[in-house]
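What follows is a single structure, written as structure tokens, with notes after it.
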């Protein structure tokens with residue numbers, strides 16, 4: 001069996017930044033450090049940080065007074081920021097800068113008196129954070145083309161759309177076409193809201209999937225971008241499995257298989273890919289082959305407040 005590795009795969013700049021923020025906070029302030037929601041959607045990453053003293057909570061009411069709290073990469077509603085400020089909590093924001101970009105678009109449209117349509121998945125923390133940037137009733141959530149048909153904005157001539165950053169590019173394009181067809185004056189962002197890492201990983205799977213007999217996507221089931229990769233592989237007609245780690249591999253999947261493709265969602269560490277390859281090689285697979293792909297050079301700086309805290313400590 002041959003193993004073909006999608007490129008790029010795994011951690012994106014926003015995930016790297018979020019994990020570094022928790023790491024640095026633990027180093028500077030010691031445990032416990034509170035994190036609102038899983039900092040990224042990967043059980044292995046969360047368990048590692050938890051073992052080092054991070055405490056993951058869903059609401060700020062679970063955070064004691066005078067504690068340090070970190071907001072996850074997915075972003076938070078304005079009300080959460082206000083709650084933290086009112087309590088005087090020490091906050092470091094791990095919101096991905098590309099999610100923050102969407103929030104800034106929301107604020108601009110809101111200042112212009114426009115209602116908004118958010119293309120996204122109900123219940124996802126990024127969607128909750130984005131919808132929480134405006135008053136209730138100012139933003140409508142749609143997940144697919146069918147949802148567009150039932151939209152009833154108060155003023156169809158003053159409407160804008162934004163998107164969750166981790167969606168299927170193809171599905172989102174179809175929804176945007178439906179929105180523009182029904183609301184010809186609808187405005188949208190100058191640059192696509194779907195993040196570069198999501199686009200690159202989907203493009204890599206599109207290139208890889210037709211050439212393999214089975215595709216493994218490494219990622220958590222609650223990871224939006226990982227789930228979209230698995231859906232894409234299936235849509236392209238390739239037997240596809242979304243797995244969290246090597247323990248979820250099943251030997252019978254590979255009976256009669258000649259080529260195995262492997263990709264990984266933006267919140268999946270490369271160590272998990274390596275463990276999966278080790279297991280497959282134990283079952284007779286050959287040395288993995290890296291496929292050509294886009295080289296990602298994007299990096300995001302840490303929050304200024306965290307950098308300043310480290311500078312003060314080093315100067316003490």
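Even glycines carry a Cβ here, placed using N, Cα and C.
Database features (Swiss-Prot):
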BINDING   12, 96, 195  [4Fe-4S] cluster binding site
BINDING   41, 74, 124, 223, 224, 225, 267  dimethylallyl diphosphate binding site
BINDING   41, 74, 124, 165, 223, 224, 225, 267  (2E)-4-hydroxy-3-methylbut-2-enyl diphosphate binding site
BINDING   41, 74, 124, 223, 224, 225, 267  isopentenyl diphosphate binding site
ACT_SITE  126  active site, proton donor
### Summary
If you measure between the CA atoms of residue 41 (dimethylallyl diphosphate binding site) and residue 165 ((2E)-4-hydroxy-3-methylbut-2-enyl diphosphate binding site) and round to the nearest Å, you get 14
#### Entry: Distance, residue 165 ((2E)-4-hydroxy-3-methylbut-2-enyl diphosphate binding site) to residue 124 (dimethylallyl diphosphate binding site) (CA atoms, angstrom)
11
### Task
Using C-alpha atoms only, work out the spacing between residue 74 (dimethylallyl diphosphate binding site) and residue 165 ((2E)-4-hydroxy-3-methylbut-2-enyl diphosphate binding site) and round it to an integer in Å.
9
### Query
Could you give the Cα-Cα distance between residue 223 (dimethylallyl diphosphate binding site) and residue 165 ((2E)-4-hydroxy-3-methylbut-2-enyl diphosphate binding site), in whole Å?
12
#### Entry: Per DSSP, three-state class assigned to residue 225 (dimethylallyl diphosphate binding site)
helix
### Summary
Residues near residue 225 (dimethylallyl diphosphate binding site) by Cβ (under 8 Å) yet at least 6 apart in sequence within the same chain, in sequence order, are 166, 197, 198, 201, 219, 265, 266, 267
### Query
When DSSP states are folded down to helix, strand and coil, where does residue 126 (active site, proton donor) land?
helix
### Message
What whole-number Å value do you get for the CA-CA distance of residue 165 ((2E)-4-hydroxy-3-methylbut-2-enyl diphosphate binding site) and residue 12 ([4Fe-4S] cluster binding site)?
### Response
12
## Note on the structure
Cβ-Cβ distance under 8 Å, sequence separation of 6 or more, same chain as residue 96 ([4Fe-4S] cluster binding site); the residues meeting this, in order, are 14, 15, 17, 18, 73, 74, 75, 165, 195, 300
### Query
To the nearest whole angstrom, what is the C-alpha distance linking the residue listed as 'active site, proton donor' and residue 12 ([4Fe-4S] cluster binding site)?
16
### Intrachain C-beta neighbours of residue 12 ([4Fe-4S] cluster binding site), sequence separation six or more, cut-off 8 angstroms
195, 196, 197, 266, 296, 298
### Message
Please identify which of 41, 124 has the densest Cβ environment, defined as other Cβ atoms within 10 Å, among these binding-site residues.
### Response
41
### Other same-chain residues whose Cβ falls within 8 Å of the Cβ centroid of 12, 96, 195, the recorded [4Fe-4S] cluster site, in sequence order
13, 14, 15, 73, 97, 98, 99, 165, 166, 196, 197, 198, 266
